[in-house]
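Chemist: This is the structure I want to talk about, given as structure tokens.
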């Protein structure tokens with residue numbers, strides 16, 4: 001089975017991500033060791049919490065460069081929730097620079113009548129890259145589970161793989177560019193749809209190994 005390294009920097013619900021990967025047919029290893037990232041067939045960067053502590057935690061474990069090297073190598077990489085946001089250059093939530101792997105900023109939802117912040121619960125995706133491997137075998141507007149007050153705003157709109165609408169605000173819900181994929185929602189909390197997304201990621205890992 002493909003080995004997927006799940007980065008542990010004390011900012012994620014790693015157990016449920018790992019359970020989802022096991023159901024998807026992968027062997028997850030929880031690690032903050034860059035040698036393990038190098039050996040793994042793919043890497044996942046999960047994350048819940050605040051932007052500044054997350055990037056500080058990654059940097060204190062000397063994980064910034066290994067993450068950049070992993071993505072540059074062409075190895076399949078998936079960011080989840082905060083693990084999407086810290087790939088960007090900066091966030092309205094904090095003062096620390098992000099990893100800057102994707103050009104753009106993290107912005108906060110603007111309050112408007114009839115919505116709650118954080119955006120929490122089930123919502124439908126609008127697939128802007130419908131042919132992305134992440135969305136294989138999914139219905140056209142799948143329901144997934146969100147918990148976030150901030151969203152990513154990529155400088156290059158073509159990296160968007162899906163959007164979501166909260167109130168009148170339509171924002172990026174996922175990005176995909178070559179081997180780099182990341183989602184704002186929680187696939188591990190998104191029932192069968194989320195499991196299919198993780199399975200699609202693992203399928204891509206298998207294809208990469210076979211090649």
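Backbone N, Cα and C define each Cβ position, glycine as well.
For 3-211, the entry in Swiss-Prot reads domain 'Glutamine amidotransferase type-1'. Look at Swiss-Prot and you will find 81 tagged as active site, nucleophile, backed by sequence analysis. Residues annotated as active site in Swiss-Prot, with sequence analysis given as evidence: 186, 188.
Looking at the shown structure, what environment does each listed feature sit in?
Modeler: Other Cβ atoms within 10 Å of the Cβ of residue 81 (active site, nucleophile) number 26 in total over all chains.
The number of other Cβ atoms within 10 Å of the Cβ belonging to residue 186 (active site), over all protein chains shown, comes to 21.
The Cβ of residue 188 (active site) has 13, 16, 17, 19, 20, 80, 194, 198 as same-chain neighbours under 8 Å, each 6 or more residues away in sequence.
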